[in-house]
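As annotated by Swiss-Prot, domain 'POTRA 1' applies to 24-91, with the evidence given as sequence analysis. Taken from Swiss-Prot, the feature domain 'POTRA 2' applies to 92-172, supported by sequence analysis. As annotated by Swiss-Prot, domain 'POTRA 3' applies to 175-263, with the evidence given as sequence analysis. The feature domain 'POTRA 4' is assigned by Swiss-Prot to 266-344. Positions annotated as domain 'POTRA 5' by Swiss-Prot, on the basis of sequence analysis: 347-421. As annotated by Swiss-Prot, signal peptide applies to 1-20.
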Amino acid sequence: MAMKKLLIASLLFSSATVYGAEGFVVKDIHFEGLQRVAVGAALLSMPVRTGDTVNDEDISNTIRALFATGNFEDVRVLRDGDTLLVQVKERPTIASITFSGNKSVKDDMLKQNLEASGVRVGESLDRTTIADIEKGLEDFYYSVGKYSASVKAVVTPLPRNRVDLKLVFQEGVSAEIQQINIVGNHAFTTDELISHFQLRDEVPWWNVVGDRKYQKQKLAGDLETLRSYYLDRGYARFNIDSTQVSLTPDKKGIYVTVNITEGDQYKLSGVEVSGNLAGHSAEIEQLTKIEPGELYNGTKVTKMEDDIKKLLGRYGYAYPRVQSMPEINDADKTVKLRVNVDAGNRFYVRKIRFEGNDTSKDAVLRREMRQMEGAWLGSDLVDQGKERLNRLGFFETVDTDTQRVPGSPDQVDVVYKVKERNTGSFNFGIGYGTESGVSFQAGVQQDNWLGTGYAVGINGTKNDYQTYAELSVTNPYFTVDGVSLGGRLFYNDFQADDADLSDYTNKSYGTDVTLGFPINEYNSLRAGLGYVHNSLSNMQPQVAMWRYLYSMGEHPSTSDQDNSFKTDDFTFNYGWTFNKLDRGYFPTDGSRVNLTGKVTIPGSDNEYYKVTLDTATYVPIDDDHKWVVLGRTRWGYGDGLGGKEMPFYENFYAGGSSTVRGFQSNTIGPKAVYFPYSPNGYDPSNDYACATQDGAKDLCKSDDAVGGNAMAVASLEFITPTPFISDKYANSVRTSFFWDMGTVWDTNWDSSQYSGYPDYSDPSNIRMSAGIALQWMSPLGPLVFSYAQPFKKYDGDKAEQFQFNIGKTW
């Protein structure tokens with residue numbers, strides 16, 4: 001048998017040699033073994049055509065060309081007279097790809113890696129590639145500390161030369177760090193140095209960052225942290241000599257040893273700047289000033305380089321190079337910093353483009369730009385455009401990319417890449433409290449109507465005590481200079497008694513128009529006119545309410561429950577907004593201040609003014625803005641003019657999800673004190689606690705909230721990363737722990753006249769609560785959950801520990 005194979009091989013070789021030396025003209029080309037690959041596709045990949053004279057080299061090139069297509073496992077080329085016979089064995093086609101046992105790596109990520117290697121459903125299977133993928137995946141598991149992991153590719157043949165590919169994972173357990181040793185440290189203790197690491201050999205319960213599970217990438221980051229720690233404290237000669245990672249025999253434990261050389265501390269002796277400064281030497285010199293004898297600090301050096309780049313970027317130098325070279329003098333332990341600057345070319349902006357704005361029109365984004373086309377590139381202007389787009393609240397993310405124009409030495413295109421979020425919402429609110437039970441509200445709002453930037457809203461509330469409807473439209477760019485124009489129509493039918501407030505009914509309707517004027521990047525003013533008609537009825541004889549009516553020249557009856565009163569008021573509305581938040585929703589940095597007010601103008605029945613001030617400040621406490629402290633306040637005050645009081649229905653209220661969580665909405669503050677009356681045998685003592693003042697008329701206390709003409713609310717929140725949520729959804733989910741406090745009081749309450757009752761003019765009756773909140777921009781809409789426990793409250797306050805809102809967005 002062996003002799004037969006040798007004979008056949010010899011005959012084939014001699015045959016090839018014969019036509020290799022003499023060559024022959026190909027009259028026809030035949031294929032054997034083709035199944036999936038078309039004959040035409042195979043012919044196109046071959047260098048030989050019918051009519052060509054071929055030799056041995058041509059045959060070799062043909063075989064190589066067919067193998068290069070990746071479609072064949074075996075290729076043989078034979079001669080049958082004047083016919084070239086090509087025998088192939090096709091690689092099997094991948095019919096399906098499945099995964100089993102992979103917990104640390106998602107299926108989508110595995111599919112992406114396979115596709116990057118050319119392994120996908122419908123393509124031919126290259127077994128050598130599979131072996132590389134197995135090894136690569138195992139190396140990945142090793143890098144995250146799973147040294148017992150294994151990956152096996154299982155190939156199952158199917159009919160018609162197809163296969164099923166299944167990757168079977170056995171991940172094992174992550175090796176835990178048993179000990180981290182630092183050798184060579186004298187200035188700082190090992191514990192002090194390791195306290196800045198992410199990887200730890202011991203993790204206290206309160207440390208949510210530390211991790212005992214070994215990961216190669218985290219170790220690299222920790223070594224860089226160690227290097228920066230020393231360089232920032234003057235150790236300019238610091239060096240990490242070596243790092244050893246040892247594995248225990250059972251592959252479940254890791255020992256890490258870091259060998260370092262600290263060196264001595266060095267002080268900066270000076271900074272020398274050279275190179276192409278593009279005429280900005282004086283400004284660059286200001287950025288490189290140092291204090292005499294200051295310790296060398298690597299972070300400050302890096303910041304100085306970045307500041308120089310930003311400075312040049314503002315003048316159109318898009319790609320400056322700044323390199324700092326420390327010149328170390330070991331004799332006197334000083335460092336002279338030589339900074340070489342090459343500003344490079346100055347660039348114009350050819351075009352500004354937008355990507356990802358499928359709904360928002362280009363004009364809506366372009367009007368927020370401060371960088372102009374055809375002008376010098378200004379990195380600060382580009383950044384301002386990014387900030388303004390973020391503050392619109394239309395986008396989840398905004399990124400910028402400065403791209404060189406091919407073939408041009410001094411032109412760039414600026415590209416803003418946005419990811420749009422749902423700006424329309426249908427909100428359905430639900431609250432539940434131990435005393436209040438269940439309450440509902442609804443509203444429809446579209447902040448980016450048809451991509452035009454218009455804000456259009458139809459909001460309403462329908463429940464046991466209120467029917468409210470509002471239509472509002474705002475054009476943020478009524479003029480090209482950014483003057484906005486907004487209008488509103490509203491109707492409100494309010495039954496106060498059913499809302500646990502002092503009993504009255506108010507049917508009101510009105511309208512207002514407001515113009516907004518931008519002052520600069522962060523400040524704007526508003527001014528407008530409004531009209532409102534109020535029709536009051538069913539007013540029970542309540543002290544604060546009667547006090548207002550008396551100031552209006554009315555003389556309501558304490559024996560008649562059906563007191564009524566109507567007013568028509570015209571108001572001048574004004575406001576100021578300072579907004580330096582980093583984005584429009586879920587901000588992580590910056591401040592916002594909003595002042596709103598109104599005052600009645602001649603022709604009104606009432607005479608009063610009212611002012612509200614809202615502030616919010618976000619302070620990130622880490623570089624990634626995942627941990628943020630939020631402080632919020634709300635202040636309000638109003639009073640009458642010309643001897644009249646501010647209407648009681650304009651009072652401030654507190655309590656609920658937007659002010660002091662844990663309390664029922666609008667129930668914090670003064671409570672109603674009623675004059676007694678007994679129509680139809682009605683006995684007020686059945687509903688209220690009545691008392692007699694010095695033998696005078698009876699007064700009755702209640703738990704009905706009436707609000708006040710002054711309010712102060714504050715909140716401190718600690719925003720944290722949401723557990724079990726990946727970074728992909730970090731911009732859609734927010735968790736926070738909060739402490740709310742607030743009070744409402746009545747500055748016109750005469751405590752001396754009502755000495756037997758609470759002093760509702762006292763602003764020190766502060767309510768407090770603490771709890772946790774979760775906000776989620778879900779596919780169903782914005783969801784807000786909060787649970788709060790009041791820990792400082794007063795008689796008559798009503799708790800509502802759990803509150804949430806749910807809505808739909810589009």
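Note: Cβ is positioned from N, Cα and C throughout, glycine not excepted.
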Task = Pop the mean pLDDT for the domain 'POTRA 1' (24-91) in here, whole number is fine.
result = 88
Ask   = Where DSSP helix means H, G or I and strand means E or B, what are the helix, strand and coil counts for the domain 'POTRA 3' (175-263)?
value = 21 helix, 29 strand, 39 coil
Key: Secondary structure content of the domain 'POTRA 4' (266-344), with strand meaning DSSP E or B   = 24 helix, 29 strand, 26 coil
Note = Grouping DSSP H, G, I as helix and E, B as strand, the residues of the domain 'POTRA 1' (24-91) number 19 helix, 26 strand, 23 coil
Note = For the domain 'POTRA 5' (347-421), the DSSP helix/strand/coil residue counts are 19 helix, 29 strand, 27 coil
Remark   = Secondary structure split (DSSP) over the domain 'POTRA 2' (92-172) reads 27 helix, 27 strand, 27 coil
